[in-house]
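Enquirer: One structure is given below, represented as structure tokens, and several questions about it will come after.
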């Protein structure tokens, strides 16, 4: 009879005749399809975390938020203006970014501590983007228009990443890489601000750091009167900070007072320098308005650029190449800060929601003329120490900024530029990694210390853009190398006992046959029974490392196991081209050596650290089995221990592993079933189990189990009859729950074979 179309199709695709139940795509889809309507509602509600806590807002929270919000706002005003100078923008744009950042973020935040606004590294990046566009298209676009476009595009990109729940991409960049380019950027920024602090001009302060330092040293003889304001301000900032720390330790009861004195040092120093600048320059401006020191000059009051942003497609094309680094800095710095304060203050942030928050903040900020804003470490630390209770503190900070924009701009006219440079240098100094932190990188992972050092050096000697790319690329390269070159060990047994008086408890554990730097090298390790090898993976089994694992296993077998076919007497013409065989003089020795080696019977693979396996790795495992069996000249059994995922089981079954008839004579592993099977209560099932134990010995239970494996529904009947069931499906006898049972099964099969 001709086969049906269905049978023919199965034959064409190689559909197995004996079906082993495995996990299916339907099982995977079902976990996402339980209640799609509720999931959609939860997704939309999750976009506004404020809904979860605003209804519980109380007076106690309000007190902490008012103090923290006002404190951050007072610090934010001088910092925002200072950072705008780094970005080569008028100072009011720093205030625009400050206002929108702290106001919008609180509605979308999952962190109560993070303060959004202008930051040093992002400001430096914006200045470099502006310079890049202006060099390519001189005078075509104003600096604020370029900065606003960057805010809109980067904000939209980050918003999309958050909405698509792709925040896990940030995890590919490790902490040393982030610290490295942050340290390099801080050095870059500080070096660029020193000329402004000293009043030195005549060279590009945004060139490579080492060039700026050299030019600054050359310009020291032409230092101007600005240095009197800049150096005094910088000295005062550090003096107040150090003295407040000392007095807080000496007078702990007044620690709170000294804390707020230290917090307000930026505003205090700027106010004093502004008064001094006004007293010194108000009668020295002349008819042309040229003052003896550099001051801010006129700062427009209010929000002057509210409206729909103008996004020029040609401008977007001109800065497209600079957008990746700006986006990376925007999201990376913020996520690192929010996670850090979440750990410190014992709450969990949602990275995807945080990306949505800064995405919305920057997208809306472009409607106010703001340039890119992200999380600030110094202001976030200040906010946390001030006792903030909820993200609503940002509203108070926004009020402070808007009051400054509408009421204090006439006073801003007299602020000396050197004073703002002092504020910047003082702020970015905290971004430099401490010696203790750098040494911890070396202690934990010398390779990651090298990543940190490379990021710092590249940023200092080139640009922040190249520093970011180098740190990211080197980190990803290290990750790929670790995946592609995993460690693995061949294992042996060691017998241990509990070191307690009168204790006789002993058990076998499996440890590497060679020294691994962890276990005591004096411990006696016994290899498995002759003919059995045990190998432990230490990485997921994927296509980058599959060929290496294949080589390790095959080479070990060829070096330590007997070759099934004696090749010493095979003629040269009958040999494979890549197997010259032993020399004539060594033939007898090789034959004797081969005969002394054990005949391989089983390979036990410990999958306890394998979380994924792919098609290439499965095929490599098939090739490994084929090569080993060709060497042994007979079938070799493969046992698997501690399979972590049903998808790994599915892949192995598809590769022909786990199924078939095992030569093992080890007892099957069984365990008690769920207490409420077939309506049996706890007490009834307990009585049933006791009766089974009294009426049946272990051999009888094993017999009933073996008999049950003959039918499809027999396992269920076994459960009902005895209260016990197999831990793993009986149709995959080569899969075992732990390594000990897998090795026991392999060795018992060897005993039966011999």
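Positions of Cβ are set from backbone N, Cα and C atoms, glycine also.
All annotation found in TrEMBL is predicted automatically rather than curated by experts.
In case it's useful when we look at the structure, here is the feature table from TrEMBL:
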type     : residues : note
DOMAIN   : 530-657  : domain 'STAS'
TRANSMEM : 40-55    : transmembrane segment
TRANSMEM : 61-81    : transmembrane segment
TRANSMEM : 93-110   : transmembrane segment
TRANSMEM : 116-134  : transmembrane segment
TRANSMEM : 146-168  : transmembrane segment
TRANSMEM : 227-244  : transmembrane segment
TRANSMEM : 256-280  : transmembrane segment
TRANSMEM : 315-337  : transmembrane segment
TRANSMEM : 392-415  : transmembrane segment
TRANSMEM : 449-481  : transmembrane segment
Enquirer: In terms of Cβ proximity under 8 Å, which residues at least six beyond the ends of the transmembrane segment (61-81) contact it?
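Expert: Residues 91, 94-95, 97-98, 102, 115, 117-118, 260, 263-264, 266-267, 270, 296, 376, 378-379, 382-383, 386-390, 392-401, 404, 408, 412, 415, 420, 423, 427 contact the transmembrane segment (61-81) from elsewhere in the chain.
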Enquirer: With pairs closer than 6 in sequence left out, are the transmembrane segment (256-280) and the transmembrane segment (392-415) joined by 3 or more CB pairs under 8 Å?
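Expert: Between the transmembrane segment (392-415) and the transmembrane segment (256-280), contact is present.
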Enquirer: For the transmembrane segment (116-134), give me same-chain residues lying six or more residues beyond its boundaries with a C-beta closer than 8 angstroms to one of its C-beta atoms, as numbers and ranges.
Expert: 76, 79-80, 83-84, 86-89, 94, 97-98, 101-102, 104-105, 141, 143, 146-147, 150, 182, 185-186, 188-189, 192, 206, 315, 318-319, 321-322, 325-326, 329-330, 333-334, 357-358, 361, 371-377, 379, 394, 424, 427-428, 431, 463-465
Enquirer: Which bits of the chain, at least 6 residues beyond where the transmembrane segment (40-55) starts or stops, bring a Cβ under 8 A of a Cβ in it?
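Expert: Apart from its flanks, the transmembrane segment (40-55) reaches 106-110, 350, 353, 356, 390-392.
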Enquirer: Tally the residues of the domain 'STAS' (530-657) by DSSP class, grouping H, G and I as helix, E and B as strand, and everything else as coil.
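Expert: Summed over the domain 'STAS' (530-657), the classes give 58 helix, 18 strand, 52 coil.
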Enquirer: State the non-local partners of the transmembrane segment (227-244) in its own chain: residues 6+ outside its ends, Cβ under 8 Å from one of its Cβ atoms.
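Expert: Sequence-distant neighbours of the transmembrane segment (227-244): 196-199, 258-259, 261-262, 265-266, 268-270, 272-273, 276-277, 293, 416, 418-419, 421-423, 425-426.
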